[in-house]
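Following: one structure in C-alpha coordinates, then a few remarks.
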Amino acid sequence: VRIKKVSLTRGAMTEFEQKLRQQHEESMHAELEALLATAGRAEAEVSRKDFSGFKNLFHRFLQVKGPSVEWAKINRPPEDSIQPYEKIKAKGLPNNITETLNKLVVVKLNGGLGTSMGCKGPKSLISVRNENTFLDLTVQQIEHLNKTYNADVPLVLMNSFNTDEDTKKILQKYSHHRVKIHTFNQSRYPRINKESLLPIATNMGMTGENAEAWYPPGHGDIYASFHNSGLLDNLLAEGREYMFVSNIDNLGATVDLFILHHLICQPADKRCEFIMEVTDKTRADVKGGTLIQYEDHLRLLEIAQVPKAHVDEFKSVTKFKIFNTNNLWISLSAIKRLQERNSMDLEIIVNPKTLDGGLNVIQLETAVGAAIKSFNNAMGVNVPRSRFLPVKTSSDLLLVMSNLYSLDAGSLTMSKKREFLTTPHVKLGSSFTKVQDFLTRFENIPDMLELDHLTVSGDVTFGKNVSLKGTVIIIANHGDRIDIPAGAMLENKIVSGNLRILDH
(Lines of atoms letter the chains of each structure in order from A and count residues from 1; the text may use other names and numbers.)
(Lines give C-alpha, C1' and ligand atoms only; values in the text may rest on other atoms or scores of the structure.)
Protein backbone atom coordinates (compact mmCIF):
# COMPACT_ATOMS: atom_id res chain seq x y z
CA VAL A 1 0.00 0.00 0.00
CA ARG A 2 2.77 2.32 0.95
CA ILE A 3 4.41 2.06 -2.46
CA LYS A 4 1.16 3.04 -4.14
CA LYS A 5 0.85 6.07 -1.91
CA VAL A 6 4.27 7.36 -2.89
CA SER A 7 3.64 7.03 -6.60
CA LEU A 8 0.26 8.70 -6.18
CA THR A 9 1.74 11.75 -4.50
CA ARG A 10 4.39 11.86 -7.17
CA GLY A 11 1.72 11.80 -9.89
CA ALA A 12 -0.29 14.44 -8.10
CA MET A 13 2.76 16.64 -7.81
CA THR A 14 3.41 16.57 -11.53
CA GLU A 15 -0.21 17.41 -12.15
CA PHE A 16 0.10 20.26 -9.66
CA GLU A 17 3.31 21.41 -11.35
CA GLN A 18 1.63 21.14 -14.72
CA LYS A 19 -1.20 23.41 -13.55
CA LEU A 20 1.27 25.83 -12.02
CA ARG A 21 3.22 25.95 -15.27
CA GLN A 22 0.07 26.56 -17.23
CA GLN A 23 -0.87 29.33 -14.80
CA HIS A 24 2.56 30.99 -15.20
CA GLU A 25 2.28 30.79 -18.96
CA GLU A 26 -1.24 32.24 -19.08
CA SER A 27 -0.27 35.08 -16.74
CA MET A 28 2.79 35.82 -18.86
CA HIS A 29 0.74 35.91 -22.09
CA ALA A 30 -1.79 38.27 -20.49
CA GLU A 31 0.98 40.58 -19.27
CA LEU A 32 2.64 40.65 -22.70
CA GLU A 33 -0.66 41.53 -24.36
CA ALA A 34 -1.16 44.34 -21.84
CA LEU A 35 2.35 45.64 -22.61
CA LEU A 36 1.71 45.52 -26.39
CA ALA A 37 -1.43 47.60 -25.88
CA THR A 38 0.77 50.48 -24.66
CA ALA A 39 2.75 50.65 -27.93
CA GLY A 40 2.07 52.48 -31.19
CA ARG A 41 1.12 50.37 -34.22
CA ALA A 42 4.57 50.11 -35.84
CA GLU A 43 6.30 49.32 -32.56
CA ALA A 44 3.64 46.80 -31.58
CA GLU A 45 4.16 44.95 -34.87
CA VAL A 46 7.91 44.53 -34.26
CA SER A 47 7.41 43.73 -30.57
CA ARG A 48 4.78 41.10 -31.34
CA LYS A 49 7.39 39.20 -33.39
CA ASP A 50 9.90 39.60 -30.57
CA PHE A 51 7.40 38.40 -27.99
CA SER A 52 6.51 35.31 -30.01
CA GLY A 53 10.16 34.25 -29.75
CA PHE A 54 10.16 35.12 -26.07
CA LYS A 55 7.00 33.06 -25.39
CA ASN A 56 8.68 30.12 -27.04
CA LEU A 57 11.71 30.50 -24.81
CA PHE A 58 9.60 31.02 -21.67
CA HIS A 59 7.51 27.94 -22.47
CA ARG A 60 10.66 25.82 -22.74
CA PHE A 61 12.13 27.42 -19.63
CA LEU A 62 9.06 26.25 -17.66
CA GLN A 63 9.31 22.72 -19.12
CA VAL A 64 13.00 22.13 -18.53
CA LYS A 65 13.94 20.95 -15.08
CA GLY A 66 17.51 20.17 -14.12
CA PRO A 67 20.63 20.39 -16.29
CA SER A 68 20.19 20.24 -20.06
CA VAL A 69 22.90 17.60 -20.42
CA GLU A 70 23.40 14.28 -18.70
CA TRP A 71 27.06 14.09 -17.87
CA ALA A 72 27.27 10.34 -18.47
CA LYS A 73 26.13 10.78 -22.09
CA ILE A 74 28.91 13.21 -22.97
CA ASN A 75 31.53 11.87 -25.34
CA ARG A 76 34.56 13.31 -27.02
CA PRO A 77 33.79 14.35 -30.60
CA PRO A 78 34.79 11.74 -33.22
CA GLU A 79 38.23 12.35 -34.76
CA ASP A 80 37.00 13.57 -38.14
CA SER A 81 34.41 16.00 -36.74
CA ILE A 82 37.08 18.51 -35.72
CA GLN A 83 39.61 19.03 -38.48
CA PRO A 84 42.97 20.72 -38.09
CA TYR A 85 43.19 24.04 -39.97
CA GLU A 86 46.28 22.78 -41.81
CA LYS A 87 44.20 20.07 -43.47
CA ILE A 88 41.61 22.63 -44.64
CA LYS A 89 44.41 24.90 -45.84
CA ALA A 90 45.99 22.08 -47.83
CA LYS A 91 43.01 22.16 -50.22
CA GLY A 92 44.31 25.50 -51.41
CA LEU A 93 42.38 28.51 -52.66
CA PRO A 94 39.38 28.58 -55.01
CA ASN A 95 40.07 29.01 -58.72
CA ASN A 96 37.85 32.04 -58.79
CA ILE A 97 38.24 33.93 -55.53
CA THR A 98 35.93 36.77 -56.60
CA GLU A 99 33.09 34.40 -57.40
CA THR A 100 33.57 32.55 -54.11
CA LEU A 101 33.67 35.76 -52.06
CA ASN A 102 30.46 36.97 -53.68
CA LYS A 103 28.69 34.05 -51.98
CA LEU A 104 29.71 35.37 -48.57
CA VAL A 105 28.19 37.77 -46.05
CA VAL A 106 30.17 38.97 -43.01
CA VAL A 107 28.05 39.39 -39.88
CA LYS A 108 29.36 41.07 -36.74
CA LEU A 109 27.62 40.79 -33.39
CA ASN A 110 27.30 44.43 -32.36
CA GLY A 111 24.76 44.37 -29.54
CA GLY A 112 27.13 45.06 -26.64
CA LEU A 113 27.89 48.26 -24.78
CA GLY A 114 31.35 49.32 -23.60
CA THR A 115 30.23 49.50 -19.97
CA SER A 116 32.62 46.81 -18.71
CA MET A 117 35.46 49.02 -19.98
CA GLY A 118 33.97 52.18 -18.51
CA CYS A 119 32.67 53.57 -21.82
CA LYS A 120 29.25 54.84 -22.77
CA GLY A 121 27.67 53.69 -26.02
CA PRO A 122 28.43 50.70 -28.27
CA LYS A 123 31.59 48.77 -27.54
CA SER A 124 32.41 48.74 -31.26
CA LEU A 125 33.07 52.51 -31.12
CA ILE A 126 35.96 52.25 -28.64
CA SER A 127 39.33 53.19 -30.21
CA VAL A 128 41.64 50.19 -30.19
CA ARG A 129 44.55 51.12 -32.39
CA ASN A 130 45.79 54.42 -33.94
CA GLU A 131 42.41 56.08 -33.33
CA ASN A 132 40.67 53.20 -35.15
CA THR A 133 37.61 51.67 -33.50
CA PHE A 134 36.54 48.00 -33.74
CA LEU A 135 34.05 49.09 -36.41
CA ASP A 136 36.69 51.04 -38.39
CA LEU A 137 38.99 48.00 -38.44
CA THR A 138 36.13 45.73 -39.58
CA VAL A 139 35.17 48.08 -42.43
CA GLN A 140 38.84 48.40 -43.49
CA GLN A 141 39.27 44.61 -43.57
CA ILE A 142 36.25 44.02 -45.79
CA GLU A 143 36.98 46.99 -48.02
CA HIS A 144 40.51 45.63 -48.52
CA LEU A 145 39.07 42.24 -49.48
CA ASN A 146 36.62 43.80 -51.93
CA LYS A 147 39.31 45.94 -53.57
CA THR A 148 41.92 43.18 -53.72
CA TYR A 149 39.63 40.63 -55.37
CA ASN A 150 37.16 42.99 -57.06
CA ALA A 151 34.44 41.43 -54.91
CA ASP A 152 31.29 42.65 -53.22
CA VAL A 153 31.19 41.21 -49.70
CA PRO A 154 28.60 43.04 -47.59
CA LEU A 155 28.96 43.75 -43.88
CA VAL A 156 25.93 43.08 -41.70
CA LEU A 157 25.76 44.37 -38.13
CA MET A 158 23.43 42.77 -35.63
CA ASN A 159 22.66 45.69 -33.32
CA SER A 160 20.58 45.71 -30.15
CA PHE A 161 18.25 48.44 -28.92
CA ASN A 162 21.26 49.56 -26.84
CA THR A 163 23.57 50.14 -29.80
CA ASP A 164 21.34 50.73 -32.84
CA GLU A 165 20.97 54.51 -32.77
CA ASP A 166 24.62 55.34 -32.03
CA THR A 167 25.86 52.82 -34.60
CA LYS A 168 23.62 54.16 -37.37
CA LYS A 169 24.90 57.72 -36.80
CA ILE A 170 28.47 56.53 -37.23
CA LEU A 171 27.75 54.46 -40.36
CA GLN A 172 27.33 57.63 -42.42
CA LYS A 173 31.09 58.13 -42.36
CA TYR A 174 31.59 54.95 -44.40
CA SER A 175 29.26 55.90 -47.25
CA HIS A 176 32.23 56.30 -49.64
CA HIS A 177 33.93 53.07 -48.63
CA ARG A 178 33.73 50.08 -50.88
CA VAL A 179 31.56 47.98 -48.64
CA LYS A 180 27.77 47.77 -48.39
CA ILE A 181 26.65 47.88 -44.78
CA HIS A 182 23.32 46.52 -43.57
CA THR A 183 21.99 46.46 -40.04
CA PHE A 184 19.21 44.62 -38.29
CA ASN A 185 18.15 44.63 -34.67
CA GLN A 186 18.10 41.66 -32.37
CA SER A 187 14.97 41.16 -30.31
CA ARG A 188 14.03 43.07 -27.19
CA TYR A 189 12.84 40.76 -24.43
CA PRO A 190 11.32 41.60 -21.03
CA ARG A 191 13.30 40.89 -17.88
CA ILE A 192 11.35 38.64 -15.54
CA ASN A 193 10.87 39.09 -11.82
CA LYS A 194 12.55 36.04 -10.27
CA GLU A 195 9.76 35.47 -7.74
CA SER A 196 6.57 36.12 -9.73
CA LEU A 197 7.99 35.04 -13.13
CA LEU A 198 6.27 38.06 -14.71
CA PRO A 199 7.76 40.99 -16.65
CA ILE A 200 8.89 43.97 -14.56
CA ALA A 201 7.99 46.44 -17.33
CA THR A 202 4.86 48.58 -16.84
CA ASN A 203 4.69 49.65 -20.50
CA MET A 204 6.71 49.33 -23.74
CA GLY A 205 8.74 52.45 -22.93
CA MET A 206 12.51 52.21 -22.44
CA THR A 207 13.13 55.18 -20.19
CA GLY A 208 12.53 56.05 -16.54
CA GLU A 209 11.35 53.11 -14.48
CA ASN A 210 11.37 50.90 -17.58
CA ALA A 211 15.01 51.58 -18.46
CA GLU A 212 16.08 48.32 -16.80
CA ALA A 213 13.04 46.31 -17.88
CA TRP A 214 14.43 45.05 -21.21
CA TYR A 215 17.42 43.09 -22.46
CA PRO A 216 18.80 41.73 -25.75
CA PRO A 217 18.55 37.92 -25.43
CA GLY A 218 22.11 36.83 -26.27
CA HIS A 219 23.52 36.17 -29.74
CA GLY A 220 21.52 32.95 -30.24
CA ASP A 221 18.73 35.33 -31.20
CA ILE A 222 20.53 36.02 -34.51
CA TYR A 223 18.66 33.27 -36.39
CA ALA A 224 15.15 34.52 -35.61
CA SER A 225 15.86 38.24 -35.86
CA PHE A 226 17.91 37.92 -39.08
CA HIS A 227 15.07 35.91 -40.61
CA ASN A 228 12.35 38.24 -39.28
CA SER A 229 14.14 41.35 -40.55
CA GLY A 230 13.74 40.25 -44.19
CA LEU A 231 17.50 40.71 -44.71
CA LEU A 232 18.14 36.96 -44.88
CA ASP A 233 15.77 36.62 -47.86
CA ASN A 234 17.31 39.63 -49.63
CA LEU A 235 20.81 38.21 -49.29
CA LEU A 236 19.72 34.76 -50.50
CA ALA A 237 18.11 36.46 -53.52
CA GLU A 238 21.51 38.06 -54.26
CA GLY A 239 23.05 34.57 -54.45
CA ARG A 240 24.75 34.63 -51.04
CA GLU A 241 25.29 31.18 -49.56
CA TYR A 242 27.22 31.48 -46.30
CA MET A 243 27.64 33.95 -43.51
CA PHE A 244 30.75 34.35 -41.40
CA VAL A 245 29.67 35.44 -37.91
CA SER A 246 31.90 36.68 -35.13
CA ASN A 247 32.00 39.04 -32.16
CA ILE A 248 32.96 42.55 -33.25
CA ASP A 249 35.50 42.72 -30.41
CA ASN A 250 37.43 39.68 -31.70
CA LEU A 251 40.16 41.35 -33.76
CA GLY A 252 41.42 37.96 -35.00
CA ALA A 253 38.14 37.12 -36.79
CA THR A 254 39.01 38.00 -40.36
CA VAL A 255 37.59 36.34 -43.50
CA ASP A 256 39.55 33.15 -44.14
CA LEU A 257 39.58 32.13 -47.80
CA PHE A 258 40.66 28.55 -47.07
CA ILE A 259 37.69 27.83 -44.79
CA LEU A 260 35.34 29.52 -47.25
CA HIS A 261 36.72 27.43 -50.12
CA HIS A 262 36.32 24.25 -48.07
CA LEU A 263 32.61 25.05 -47.60
CA ILE A 264 31.87 26.03 -51.19
CA CYS A 265 33.71 23.15 -52.86
CA GLN A 266 31.77 20.33 -51.14
CA PRO A 267 29.38 18.32 -53.33
CA ALA A 268 25.77 19.48 -52.89
CA ASP A 269 24.61 16.38 -50.96
CA LYS A 270 27.55 16.57 -48.54
CA ARG A 271 27.39 20.31 -47.98
CA CYS A 272 28.65 21.29 -44.55
CA GLU A 273 26.10 23.76 -43.17
CA PHE A 274 27.98 24.88 -40.09
CA ILE A 275 31.64 25.31 -39.14
CA MET A 276 32.69 26.36 -35.68
CA GLU A 277 36.24 27.62 -35.34
CA VAL A 278 37.76 26.22 -32.17
CA THR A 279 41.25 26.64 -30.80
CA ASP A 280 43.41 24.95 -28.17
CA LYS A 281 42.60 25.82 -24.58
CA THR A 282 45.16 27.50 -22.39
CA ARG A 283 44.82 28.15 -18.67
CA ALA A 284 43.24 31.50 -19.56
CA ASP A 285 40.34 29.89 -21.43
CA VAL A 286 39.03 27.38 -18.91
CA LYS A 287 35.53 28.87 -19.01
CA GLY A 288 35.14 28.79 -22.80
CA GLY A 289 32.43 26.57 -24.31
CA THR A 290 33.63 23.32 -25.90
CA LEU A 291 32.44 20.81 -28.51
CA ILE A 292 31.16 17.40 -27.41
CA GLN A 293 29.46 14.44 -29.03
CA TYR A 294 25.99 13.98 -27.53
CA GLU A 295 23.30 11.63 -28.79
CA ASP A 296 25.00 11.36 -32.22
CA HIS A 297 25.30 15.10 -32.70
CA LEU A 298 28.09 17.59 -32.28
CA ARG A 299 27.02 19.92 -29.55
CA LEU A 300 28.31 23.05 -27.83
CA LEU A 301 28.70 22.62 -24.09
CA GLU A 302 28.83 25.87 -22.09
CA ILE A 303 30.01 26.12 -18.50
CA ALA A 304 26.50 27.26 -17.48
CA GLN A 305 25.13 23.84 -18.51
CA VAL A 306 27.63 21.81 -16.51
CA PRO A 307 26.38 20.23 -13.27
CA LYS A 308 28.25 21.75 -10.29
CA ALA A 309 29.98 18.47 -9.46
CA HIS A 310 31.66 18.40 -12.87
CA VAL A 311 32.78 22.02 -13.28
CA ASP A 312 36.42 21.24 -12.45
CA GLU A 313 36.42 18.43 -14.98
CA PHE A 314 34.96 20.81 -17.59
CA LYS A 315 37.71 23.33 -16.88
CA SER A 316 40.47 20.73 -17.25
CA VAL A 317 42.74 21.35 -20.19
CA THR A 318 43.30 17.62 -20.69
CA LYS A 319 39.74 16.31 -21.07
CA PHE A 320 38.35 19.22 -23.09
CA LYS A 321 41.26 20.46 -25.13
CA ILE A 322 39.54 23.05 -27.29
CA PHE A 323 37.09 25.91 -26.91
CA ASN A 324 34.72 27.83 -29.16
CA THR A 325 36.08 31.12 -30.56
CA ASN A 326 32.57 32.12 -31.68
CA ASN A 327 33.81 32.50 -35.24
CA LEU A 328 31.13 30.59 -37.16
CA TRP A 329 30.44 29.84 -40.82
CA ILE A 330 26.78 29.08 -41.45
CA SER A 331 24.67 28.23 -44.50
CA LEU A 332 22.03 30.90 -45.15
CA SER A 333 19.58 28.53 -46.83
CA ALA A 334 19.88 26.17 -43.85
CA ILE A 335 19.01 29.00 -41.46
CA LYS A 336 15.93 29.76 -43.56
CA ARG A 337 14.90 26.08 -43.59
CA LEU A 338 15.32 25.64 -39.83
CA GLN A 339 13.58 28.92 -39.01
CA GLU A 340 10.59 28.10 -41.19
CA ARG A 341 10.22 24.68 -39.61
CA ASN A 342 10.79 26.19 -36.20
CA SER A 343 13.19 23.34 -35.52
CA MET A 344 16.17 25.09 -33.99
CA ASP A 345 16.22 24.11 -30.36
CA LEU A 346 18.84 26.15 -28.52
CA GLU A 347 19.63 25.39 -24.90
CA ILE A 348 18.38 28.13 -22.61
CA ILE A 349 20.89 30.08 -20.58
CA VAL A 350 19.26 31.47 -17.43
CA ASN A 351 21.13 34.63 -16.54
CA PRO A 352 20.24 35.94 -13.05
CA LYS A 353 20.78 39.67 -12.41
CA THR A 354 20.23 42.02 -9.50
CA LEU A 355 19.05 45.47 -10.58
CA ASP A 356 20.24 48.71 -8.98
CA GLY A 357 17.24 48.80 -6.65
CA GLY A 358 18.02 45.28 -5.42
CA LEU A 359 15.31 43.49 -7.42
CA ASN A 360 16.27 39.98 -8.55
CA VAL A 361 15.42 39.30 -12.19
CA ILE A 362 16.21 36.60 -14.72
CA GLN A 363 17.08 36.92 -18.38
CA LEU A 364 16.48 33.99 -20.71
CA GLU A 365 19.23 33.87 -23.33
CA THR A 366 20.65 31.58 -26.00
CA ALA A 367 24.06 31.27 -27.70
CA VAL A 368 24.58 31.35 -31.48
CA GLY A 369 26.94 28.33 -31.40
CA ALA A 370 24.39 26.15 -29.62
CA ALA A 371 22.58 25.69 -32.96
CA ILE A 372 25.42 23.52 -34.29
CA LYS A 373 23.45 20.34 -33.48
CA SER A 374 20.59 21.39 -35.81
CA PHE A 375 22.69 21.72 -38.97
CA ASN A 376 23.74 18.98 -41.39
CA ASN A 377 27.37 17.81 -41.59
CA ALA A 378 28.43 20.35 -38.98
CA MET A 379 32.10 20.32 -38.00
CA GLY A 380 34.74 22.12 -35.99
CA VAL A 381 37.97 23.49 -37.42
CA ASN A 382 40.88 23.80 -35.02
CA VAL A 383 42.35 27.19 -36.01
CA PRO A 384 45.53 28.95 -34.89
CA ARG A 385 45.20 31.01 -31.71
CA SER A 386 45.76 34.17 -33.80
CA ARG A 387 42.12 33.95 -34.96
CA PHE A 388 41.00 34.54 -31.40
CA LEU A 389 42.04 38.00 -30.23
CA PRO A 390 39.15 39.37 -28.18
CA VAL A 391 39.34 42.71 -26.39
CA LYS A 392 37.21 42.29 -23.29
CA THR A 393 39.31 44.26 -20.80
CA SER A 394 41.95 46.98 -20.67
CA SER A 395 44.55 44.19 -20.25
CA ASP A 396 43.55 42.92 -23.72
CA LEU A 397 43.60 46.50 -25.02
CA LEU A 398 47.21 46.94 -23.86
CA LEU A 399 48.24 43.92 -25.95
CA VAL A 400 46.57 45.05 -29.17
CA MET A 401 47.84 48.64 -28.83
CA SER A 402 51.41 47.45 -28.32
CA ASN A 403 54.25 46.64 -30.72
CA LEU A 404 53.37 42.93 -30.39
CA TYR A 405 51.04 43.54 -33.33
CA SER A 406 51.30 45.34 -36.61
CA LEU A 407 48.25 46.73 -38.36
CA ASP A 408 47.74 46.18 -42.06
CA ALA A 409 44.47 46.95 -43.91
CA GLY A 410 42.46 46.63 -40.71
CA SER A 411 44.02 43.28 -39.70
CA LEU A 412 46.30 42.83 -36.72
CA THR A 413 49.12 40.33 -37.07
CA MET A 414 51.66 39.25 -34.50
CA SER A 415 54.98 41.04 -35.05
CA LYS A 416 57.65 38.97 -36.79
CA LYS A 417 60.07 40.23 -34.15
CA ARG A 418 58.35 38.30 -31.37
CA GLU A 419 60.03 34.95 -30.79
CA PHE A 420 57.05 33.18 -29.20
CA LEU A 421 53.70 32.71 -30.89
CA THR A 422 51.79 33.08 -27.63
CA THR A 423 50.76 36.45 -26.25
CA PRO A 424 52.04 37.59 -22.86
CA HIS A 425 49.76 37.13 -19.87
CA VAL A 426 48.73 40.62 -18.74
CA LYS A 427 46.78 41.45 -15.58
CA LEU A 428 46.09 45.12 -14.90
CA GLY A 429 44.51 46.16 -11.60
CA SER A 430 41.28 48.07 -11.03
CA SER A 431 42.93 51.48 -11.55
CA PHE A 432 43.17 50.52 -15.23
CA THR A 433 39.63 49.13 -15.76
CA LYS A 434 38.17 52.21 -17.45
CA VAL A 435 39.64 53.05 -20.84
CA GLN A 436 39.98 56.75 -19.90
CA ASP A 437 41.98 55.91 -16.74
CA PHE A 438 44.01 53.34 -18.65
CA LEU A 439 45.05 55.90 -21.28
CA THR A 440 46.13 58.50 -18.69
CA ARG A 441 48.44 55.95 -17.02
CA PHE A 442 50.58 55.35 -20.12
CA GLU A 443 52.46 58.21 -21.79
CA ASN A 444 52.85 55.73 -24.59
CA ILE A 445 52.48 51.95 -24.79
CA PRO A 446 55.60 50.13 -23.54
CA ASP A 447 57.73 47.86 -25.74
CA MET A 448 56.39 44.39 -24.99
CA LEU A 449 58.07 42.23 -27.63
CA GLU A 450 59.98 40.16 -25.07
CA LEU A 451 57.36 40.19 -22.31
CA ASP A 452 55.98 36.92 -20.88
CA HIS A 453 53.95 38.10 -17.92
CA LEU A 454 52.89 41.49 -16.55
CA THR A 455 50.95 42.16 -13.36
CA VAL A 456 50.21 45.75 -12.32
CA SER A 457 48.26 46.67 -9.22
CA GLY A 458 47.50 50.00 -7.54
CA ASP A 459 48.37 53.59 -8.50
CA VAL A 460 50.99 53.04 -11.20
CA THR A 461 51.91 55.21 -14.20
CA PHE A 462 54.30 54.56 -17.09
CA GLY A 463 56.55 57.20 -18.66
CA LYS A 464 57.52 57.32 -22.34
CA ASN A 465 59.40 54.49 -24.07
CA VAL A 466 59.37 51.99 -21.22
CA SER A 467 60.48 48.49 -22.13
CA LEU A 468 59.11 45.37 -20.37
CA LYS A 469 60.76 41.94 -20.67
CA GLY A 470 60.28 38.51 -19.08
CA THR A 471 58.11 38.60 -15.97
CA VAL A 472 57.37 42.04 -14.53
CA ILE A 473 55.28 42.61 -11.41
CA ILE A 474 54.54 46.15 -10.23
CA ILE A 475 52.55 46.58 -7.04
CA ALA A 476 51.75 49.91 -5.39
CA ASN A 477 50.12 49.27 -2.04
CA HIS A 478 47.22 51.39 -0.83
CA GLY A 479 48.39 55.01 -0.45
CA ASP A 480 51.59 54.42 -2.44
CA ARG A 481 52.26 55.51 -5.97
CA ILE A 482 54.74 54.14 -8.48
CA ASP A 483 55.87 56.14 -11.52
CA ILE A 484 57.92 54.08 -13.93
CA PRO A 485 60.38 56.64 -15.38
CA ALA A 486 60.68 57.36 -19.10
CA GLY A 487 63.06 55.03 -20.92
CA ALA A 488 63.13 52.48 -18.08
CA MET A 489 63.84 48.86 -18.98
CA LEU A 490 62.33 46.33 -16.58
CA GLU A 491 63.38 42.71 -17.08
CA ASN A 492 62.23 39.98 -14.65
CA LYS A 493 61.60 42.57 -11.95
CA ILE A 494 59.27 43.02 -9.03
CA VAL A 495 58.66 46.67 -8.12
CA SER A 496 56.73 47.56 -4.99
CA GLY A 497 56.44 50.32 -2.38
CA ASN A 498 56.71 53.98 -3.38
CA LEU A 499 58.59 55.17 -6.47
CA ARG A 500 58.14 58.74 -7.60
CA ILE A 501 60.37 60.43 -10.09
CA LEU A 502 60.22 64.20 -9.72
CA ASP A 503 61.14 66.51 -12.57
CA HIS A 504 63.58 69.26 -11.53
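Using the three backbone atoms N, Cα and C, a Cβ is placed for every residue, glycine included.
Per TrEMBL, the features are as follows:
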BINDING   Lys123, Gln186, Gly218, Asp249, Lys392  UTP binding site
BINDING   His219  substrate binding site
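Cβ neighbour density within 10 Å is lowest for Lys392 among the binding-site residues His219, Lys392. Site extent for UTP: the farthest pair of Cα atoms among Lys123, Gln186, Gly218, Asp249, Lys392 sits 21 Å apart. Non-local neighbourhood of Asp249 (UTP binding site): Gly112, Lys123, Ser124, Phe134, Pro390, Val391, Lys392, each in the same chain, at least six residues away, with C-beta under 8 Å from its C-beta. Residues near Gly218 (UTP binding site) in space but far in sequence (CB under 8 A, at least 6 apart, same chain), listed by position: Ile349, Asn351, Glu365, Thr366, Ala367. Counting Cβ atoms from all protein chains shown, Gln186 (UTP binding site) has 28 others lying within 10 Å of its own Cβ. Cα of Gln186 (UTP binding site) to Cα of His219 (substrate binding site): a span of 8 Å. Over all protein chains present, the Cβ of Lys123 (UTP binding site) has 24 other Cβ atoms lying within 10 Å.
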